[in-house]
Structures are given as C-alpha cells and as structure tokens.
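Asks: Below you'll find the structure I mean.
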Amino acid sequence: MRVVKIGGSVISMLENLWRENGISEILGNSVIVHGGSRHVDELSRKMGVKIEKLTSPSGVTFRRTTKEVLKVYVAAMIRANKEIVEFLRNQGINAIGLTGLDRELIIGERKKLIKAVINGRVVAIRDDYSGVIKKVNTQILREYLKIGTPVIASIAYDPIENTPLNVDGDKVAYHVALAMDAKELYFLSDTAFMAGGKVVSELPADEIEKYLIFAKGGMKKKLLMAKEAINSGIKNVVIEGLNGRTVIY
C-alpha cells in the first residue's frame, strides 16, 4: 500500500494535478494524510488571531501553538479535510474524512519544552501545544481501508493531557507509512527536490547527505525522513511537485 501526504499549499490545486499530473490512481488507492498551512493562515486572519512564527536554534521556522492558536489550527485542519474529501468524492473516490482525534487514531505527546531564538537569545517555551507522534492505531485504520480511502488531518491526540495537538503533517505521513508497512511514501508538494536549478529525478537514499546543501526547511526535512523511511523498509519515497518528480530509493 501507499501513504500520500498532500501539502497544504497544493490543496487548492488538486483539480489541476488530477488532470495534468495523473494522480488519480495514486490518491484512489492510498491512505491520505494532509496539511493545511494555507487554511490556518486564512482562518487566523478572519478570526483576528495573531500567530507568532518562531525559529528554532537549528534554523527551522514553526508556529507557536498557544491554546487560542490550537483552536484555530483544529478548525482550519477540519476545513481542509472537508475540502479534500469533497474533491475526491466528486472524482468517484469513497473518501473518508478523519483526524487523529477520531477513535484516538493518532496518539501524540505534547512537547513540554521547545526552544526558540528570540531577539538573539535562546528562550524556553513551556506552554506550546505542538507534539510528537507516539502511536498510529493501525487496527482502526485498516477498518477504514476496507470501506474506502482514509483522509487524515494532521491533528494528534494526547490522552494524558486530554488535548488535541498540532503535529507536523510530513511526520504524520511518515509514521503512518511505517506503522502500516507501506511500500511507498508519496509527498504531493508544490515542488520536487531541486539541485543547481534542476529537478533531481532520481536519488539513492545513501547519497542524500551529499545533496542536503541544496535543501532548506521543509525539503531538507523530507529528504532526511526519506532516508529513514528507506532504511526502515519502505521501497520508494516520491516527492511530486508542480515542476516534476523526485524518486528516492
């Protein structure tokens, strides 16, 4: 089986990707995980909720997830989920809208402490509602697979603190793929991996380290996860962009 991660930046482009990139077979025979960055930004503006963007000591940019922001995040992700499910159903796919909260599908743990660089100083933040993934309930997910195509919004549930969590969509897809023994992990993004201004169409996992100098932010994270995925038994990792496709093996 295959796990597909739909990036938040391409949700609005699904119709074009369906028509021009031939993703119908990919989306119809998979477990789908999605992000929703655009929806979060739009809803926060409408609700007048300011989202603070911080940078970790390693240079990664992230949203600070306060309790107020968490409410926006959950609502926005559910909106994104409905948009994807509606699109897929219009294409004849029996899509099933889910979040990690449903039947405790994705179990997470709130990060008790995160670090950010603010005004040149490393600051500890203890009231954030982002989390790490601890478990994927594969039994429940297999039940949904018997009747349709699961579409999972990237929200996890922390049973100890009884709270939803903001979790990284790429990491949700990665953990679902490992837990379900998927053969392929497929990232549907706005761009394939590029080096020297050109799309890298094929990339052996054992050469990824040499290419990291060309990757930043989310792409660097995808490449490192791809290497871990291949080493864990996943056959292929694909990064499908509007400009081409990178296959990592």
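Using N, Cα and C of the backbone, Cβ positions are placed for all residues, glycine too.
The feature site 'Transition state stabilizer' is assigned by Swiss-Prot to Lys5, Lys222. Residues or ranges marked as substrate binding site in Swiss-Prot (evidence: sequence analysis): Arg63, Asn166.
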Asks: If you skip the near sequence neighbours and keep only those at least six away, which residues in the chain come within under 8 angstroms of Asn166 (substrate binding site), Cβ to Cβ?
Replies: Arg63, Thr65, Val69, Leu70, Tyr73, Tyr129, Ser130, Gly131, Ile155
Asks: Using all protein chains in view, find how many other C-beta atoms are within 10 Å of the C-beta of Lys222 (site 'Transition state stabilizer').
Replies: 25
Asks: In the structure shown, which of the recorded positions Lys5, Arg63 has the fewest other Cβ atoms within 10 Å?
Replies: Arg63
Asks: Could you round the CA separation between Lys5 (site 'Transition state stabilizer') and Lys222 (site 'Transition state stabilizer') to a whole angstrom and send it over?
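Replies: So the Cα of Lys222 (site 'Transition state stabilizer') lies 11 Å away from that of Lys5 (site 'Transition state stabilizer').
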Asks: Quick check: in three-state DSSP terms, what is Lys5 (site 'Transition state stabilizer')?
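Replies: SS state of Lys5 (site 'Transition state stabilizer') = strand.
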